[in-house]
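J.: So TrEMBL lists the following for this protein:
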{"type": "BINDING", "residues": "B:C85, B:C90, B:C126, B:C130", "note": "[2Fe-2S] cluster binding site"}
Amino acid sequence: MSRDKVIKENFTKLQQKSRAAWESLRERPLILVGTATCGRAAGALEILKVIKEELAKSGLEASVLEVGCMGHCYAEPLVTVYKPGFPPICYGYVTEGIAARLVQDFLGGDDPCLEFALAALEANDMVPAFTDFPRGMIEKNIILDKCGLIDPENIEHYIALGGYAALAGALGRDPGQVLEEIKASGLRGRGGAGFPTGRKWETCRLAPGEEKYVICNADEGDPGAFMDRAILESNPHQVLEGLAIAAYTVGARQGYFYIRAEYPLAVARVKKAIEQARQAGLLGTNILGSGFDFDVDVFQGSGAFVCGEETALIASMEGEPGLPRHRPPFPATAGLRGKPTVINNVKTLSYVPHIVERGARWLRETGTDGSPGTAVFALAGKVINTGLAEVPMGTTLREVVYDVGSGIPGGKAFKAVQIGGPSGGCLPESALDMPIDFDSLSQAGAMMGSGGMVILDEDDCMVEIARFFLDFTQKESCGKCTMCRLGTRQMLDILEAITRGQGKPGDIELLLELAEDVKAGSLCGLGKTAPNPVLSTIRYFRDEYEAHIKERRCPALMCQSLIAYYILPEKCERSCDACVGSCPVEAIYTNEDRIKVIDQQKCVKCASCLEACPPQYKAVIKLSPPELVNEMGA
Amino acid sequence: MVLTEEEKRVALEQTGSILENYPPDRGNLIPILQQVQEKLGYVPLVAMEEVARHLGVPAVDVYSVATFYNQFRLIPPGKHQVKVCMGTACHMKGGHIILDCWKRRLGIDVNQVTPDREFSLERVACVGCCTMAPVTVIDDEVHGKVTPTRVDGLLFSFGVKIPKGQQKEGETVEQG
């Protein structure tokens, strides 16, 4: 029997077994509970417990599965119920009471409890589906398509829904053909820089040497980004399959997942996925009878942002401090232990099985010419629908913020979108109609980055956000290059002074000058991009810098040294003392008119009183500059 | 910080049993240190020296790795580890205010331990729960949408009571 026939036969057996298991699961009602880290933070494990208890109490027959993240993180905890005769319905903001009712009334009776439903998973006549909403028109799920719908700890679910077919297909072909497919697809690295994946693989494939490595870079260090975590927690097999195909293509026999230690659940789920793949014969020696040997280990990162950079990542795997080195030689020719090494981001590898399965042309149908495929964003900050979104490249920022994200909560005004983490920049309203792809974003002074998108509204100070990112990069600078180590320190000192109201005329010009020097004098991406948040905020929000420097005023009322909290006497309800109780330092007292007053000496500016004051009074306000308090009293 | 003889003995014993599973290859340094920290909660100097001996590298190399990476703790942590997320989303939603609250309530600064060794306070870059911002992680349990009052509530759930009007600034009071 020929080699590809053997592979096909072995895989078909695996597929049939998995499909049978998956279908038997669907014979009974099925309840999915999203227990990725975001769901757990919202209490998903308690919901899971309640559902199991209720099922036991009622004696109803149903399967309960823990699944990953569907991307609708704003509505966590999420529960999805499959019941024969009904469309699959997803419920959001589930409390223990709602969970109990879903079991009693929906499973026990026939009331689908539509008052708690978020949407149905597929179009039907009963409940609006996710695809009926504006975001459904824009989103296109390729690498998130199974996230939240399968048990990430069960390989059979992944296989039953078409998983590992791409690996089986690739193993039956010549590695060179697989490489051509990836090259033709125009896939670009989703870690941030957008380097063509096919070219990276080709370099490694052609590099001399028997021993080669493939590494999945899951050191997602950008604050504000959680796409990689969600994918690893929700569908680890997809990434593992991509890694195995990469290994087959370049000729590697050993692979690694480099995962941040801050993601314990992702580490656990990936380890389990590797173990299951080994048992199923999809990893190890002679995979599916193809004669190809490949195994994978997990290496946990140790909390250094710079290790997301390829050469620093390799240094840390070799037991050294994570200092980047000069390139070339690139890791594709001399990487881990000096051997040719391909390092790809989680999302990049996630596309690989889809491309191999459906072809290069299929990927090019989505997205733009220069950036085919989709972009995955983690929406966070001042946006209603926080969570994950996968949209075709070329979608505008406005569509992502307003249609997918449903806009800004609380009727506030949009100010900027911070994209690309500490290496990216802040884009204002005027840039919202720009299509998102690798090239247009870098022209606008931001960058694609790994996909973190933080939306900022009128209450966010742009100087403060620049200071925040620089504080991060300054702390995370490994210290190798002088300009990065000391230049960012100088810039940070200036920014801190500005946010404290101690800025001097000429500070903005000095920042611009230092920014250019830091860019020019740094070896790796961390230093080269560290000034971007400062540069982009000066470019688009120079007036805010000037207000801080010239008027000692924070227009967004955010910089703590430049604001004071004040209770408007005419609005204070007098008999209410919500603010008094909320104050952690007892800075609020009642005066002879029973009006509450803040003792400015004691106030720690924690905003508790502002939040505690009932919305019908809105008596607590922020003032900037803080000296205004004296004028108000007079 | 000076360790007691007993602490040193335990540290050496645990480190020794961890080292048995690793061949003396420099590439194992970080996994070994992670194991030591998992077992002991921190990486004491005696353990670093032992690891250096096992791998055949100078102790200063082990020290440089242990101090380069944010993950490694060189002093024993508190019984409960409070980690305040300082990621972008948490920062914009008041993460620094929450950190201030923890500092004030526990009476310690970041990377310190309360004198009774009950709590230690750390800042983390981002735990990837940006949609739940601001986030505090206590002993691997993620708490989302934390407010200053929630900080008091969390402390209360650990048996720490803050009686109104009695505490001095930054003092924690044990219940009972």
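Note that the numbers count up from 1, one per residue, in the order the chain is shown.
Glycine too: its Cβ is placed from the backbone N, Cα and C atoms.
TrEMBL annotations: computationally assigned, not manually curated.
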J.: Taking the Cβ of B:C126 ([2Fe-2S] cluster binding site) as centre, how many other Cβ atoms lie within 10 Å?
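T.: Looking across every protein chain shown, the total is 30.
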J.: Sort out the sequence-distant neighbours of B:C130 ([2Fe-2S] cluster binding site) for me: same chain, 6+ apart, CB within less than 8 Å of its CB, listed by position.
T.: B:G87, B:T88, B:A89, B:C90
J.: For B:C90 ([2Fe-2S] cluster binding site), what is the secondary structure by DSSP, using just helix, strand and coil?
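T.: The residue in question, B:C90 ([2Fe-2S] cluster binding site), is helix (DSSP, three-state).
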J.: Validating a neighbour-count step here. Other CB atoms within 10 A of the CB of B:C85 ([2Fe-2S] cluster binding site): how many?
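T.: That number is 31.
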J.: Can you count the other CB atoms that lie within 10 A of the CB of B:C90 ([2Fe-2S] cluster binding site)?
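T.: Summing over all protein chains shown, B:C90 ([2Fe-2S] cluster binding site) has 30 other Cβ atoms within 10 Å.
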J.: In terms of DSSP three-state secondary structure, what is the assignment for B:C126 ([2Fe-2S] cluster binding site)?
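T.: B:C126 ([2Fe-2S] cluster binding site) sits in coil per DSSP, no helix or strand.
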